[in-house]
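Look at TrEMBL and you will find 7-16 tagged as compositional bias 'Acidic residues'. Sequence annotations record features per position, and here TrEMBL assigns compositional bias 'Polar residues' to 21-32. Look at TrEMBL and you will find 43-404 tagged as domain 'Amino acid transporter transmembrane'. The region 'Disordered' annotation in TrEMBL covers 1-39. Here TrEMBL flags 48-67, 73-96, 126-147, 153-172, 221-243, 255-277, 297-313, 357-379 as transmembrane segment.
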Amino acid sequence: MHNNSDSSDDDLDTEVEMVSLLNSGEPSSNSKYRSESPSKEGQSAMQLSISIVISFVGAGILGLPSAFSKSGILLSIVSLTGVAAASVYAMLLLVWTRKKIEESGKPCTTYGDVGEHILGEFGRNLVDFCLTLSQTCFATAYVIFISSNLQNSFGISRFLTCALAIPGLSSLVNLSSLKKLSPFSLIADFANFAGLSYVLASDLSTLAVSHPQITMWDSAYFIHVLGVSVYCFEGVGLILPLEASAADKDKFPKVLCVVLSAITGVMLFFGCLGYAAHGADVLSPITLNLEGGRGDLVKVCFCVGLYFTYPIMMFPVNTIAETRIWGDDAPKNWKFRTSVVAMTAVVAWGVDDFGLFIHFVGSSVCMILGFILPCYFHLKVGGAGLTKWEKHLDWGLIGFGAVFGSMGTFDSGAELLGLRR
């Protein structure tokens, strides 16, 4: 269990190592991140910015053009911008809450620590469960993406792709440390960046010769674009490790706001451009609209990138789950890790709609992690010291997450189960 300082440090070590791996491909010694004062050993503002970009720009962006086509370009812009602003606010609340707990003399370094200080062991269990579930869902989305694109380009059945993915992914998730995954992280980053660049270039060339009809506002699909937007901005689990890795922690909120504002602009441009280029025919993910040999090559690049991102995404899942089940000192369990990979492959085989799946994940667990818990924790720690407007805003976001999250989860869940279309 995680009710001692040693296990809390282990959680932070895993998370900071993951941030370091995402940033540079090389895990770093975590002792340098313990200082609360600026240190030349921590990440500079530029390094921190790169870490934030890599942490937040993922496969979800490839589902935005399709979401924009459903809800209309204006409603999509409003929805994505609103979700981005609310997400940044909630992330900063989590940082503030952690600091307040630490100022009271209690050690607090991770999201799970915050949950435990406020709700006891139940709080840590809740946070850990939601984090592991969200990470597992992200990894599952990667397999859905890979199987859909290989079927689209080469006619390979989704069942065969999912089945053949299990042995290789099982080998990768059974590596003993993130350091051994660093070469794969670099390959994944390069492949994903190259793929996104080509998709943008392809959309621009398509837009030059194609002028499809564009819908401005369709409120019937508001819940859908909302869920996809929340999915795209779900990175709250890495916020405290990112802060811990910063050389100057006082500047972290500003860096976070600036970088996520830029990312929001990129996502808006990507979504609008993809929709404007393909109109109602845009698919999710948008790579399914790519044609020809170059298009197939780009799909392969994305498949390779996400294939090697999968074990990085699953590393904290396995670490937390194995610690919970077998204790802090338990060795890695290859049977458990392989069974989790197999489970994600089975789910990916059963779900053939990438956009619908990320809508479901965004509306459910991401809504809880991104909005409901940070705001609730802020209310509990801030208490009477919060202003009336802060309390109203917190409760408003909790209500927003609960109502629209429930609606989106029910709507997308019913479609996934084939109960409605």
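In case you wondered, yes, glycine gets a Cβ from its N, Cα and C as well.
Just so you know, TrEMBL annotations are computer predictions that nobody has curated.
A contact between the transmembrane segment (48-67) and the transmembrane segment (221-243) is present, since 3 or more of their C-beta pairs, 6 or more residues apart, lie under 8 Å. Residues 59-60, 63, 67, 86-87, 90-91, 93-94, 96-97, 114-115, 118, 126-127, 130-131, 133-134, 137-138, 140-141, 144, 223-224, 226-234, 236-237, 351, 386, 390-391, 393-395, 397-398, 400-402, 404-405, 407-409, 411-413, 416 of the same chain sit 6 or more residues outside the transmembrane segment (357-379) yet have a Cβ under 8 Å from a Cβ within it. The stretch with the most CB contacts under 8 Å to the transmembrane segment (73-96), chosen from 126-147, 153-172, 255-277, 297-313, is 255-277.
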